[in-house]
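Visitor: The following feature annotations were taken from Swiss-Prot:
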- SER25: pyruvic acid (Ser) (MOD_RES)
- SER25: active site, schiff-base intermediate with substrate (ACT_SITE)
- THR57, GLY73, GLY74, ALA75: substrate binding site (BINDING)
- TYR58: active site, proton donor (ACT_SITE)
Amino acid sequence: MHLSLLKAKIHRATVTHSELNYEGSIAIDGLLLEATGIREFEQVHIWDVTNGARFSTYAIRAEDGSGIMSLNGGAARHVQVGDLIIVAAFASMSEDEAKTFKPNLVYVNAHNAISHTNHSIPTQAA
């Protein structure tokens with residue numbers, strides 16, 4: 001059996017552009033792609049924290065260090081500039097691989113620069 005686990009996440013990034021007439025995708029600062037291990041043209045899930053929208057598209061590389069987080073094409077209809085989003089990618093793996101797998105979690109500041117990284121999420125307490 002194979003499991004689908006969170007491979008990488010960019011947490012609470014700010015949408016910088018919404019380009020309806022650009023070829024569909026999400027353009028992500030190249031430094032964030034490198035930090036997460038998300039590959040160009042890889043499928044990603046977008047969860048808009050601001051409005052609750054959830055959809056998928058594919059990642060393309062934006063200029064390194066630019067802070068760009070641009071939703072393009074049809075995806076642009078689901079967000080507005082200034083919205084907070086989570087970008088997530090998943091990977092399929094065996095149960096044995098899953099036992100030792102750790103996701104790349106990247107947390108950003110208001111300018112979409114990396115504030116810190118982690119490989120686990122703290123346990124939620126009551």
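Glycine is treated like the rest: Cβ placed from N, Cα and C.
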Visitor: Between GLY74 (substrate binding site) and SER25 (pyruvic acid (Ser)), find the distance joining the two CA atoms and give it rounded to the nearest Å.
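Guide: One finds 8 Å between the Cα atoms of these residues.
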Visitor: With the substrate site defined by THR57, GLY73, GLY74, ALA75, which remaining residues of that chain have Cβ atoms positioned within 8 Å of the Cβ centroid?
Guide: GLY24, SER25, ILE26, PHE55, LEU71, ASN72, ALA76, ARG77, HIS78
Visitor: Measuring Cα to Cα, how far is ALA75 (substrate binding site) from SER25 (pyruvic acid (Ser)) in Å?
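Guide: Each residue's Cα considered, ALA75 (substrate binding site) and SER25 (pyruvic acid (Ser)) end up 7 Å apart.
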Visitor: Please compare the binding-site residues GLY73, GLY74 by how many other CB atoms fall within 10 Å of each one's CB, and tell me which has the fewest.
Guide: GLY74
Visitor: Do you know offhand how many angstrom separate THR57 (substrate binding site) and SER25 (pyruvic acid (Ser)) by C-alpha?
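Guide: About 6 Å separates the two Cα atoms.
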Visitor: Given SER25 (pyruvic acid (Ser)) and GLY73 (substrate binding site), what distance in Å do their CA atoms have, once rounded to a whole number?
Guide: 7
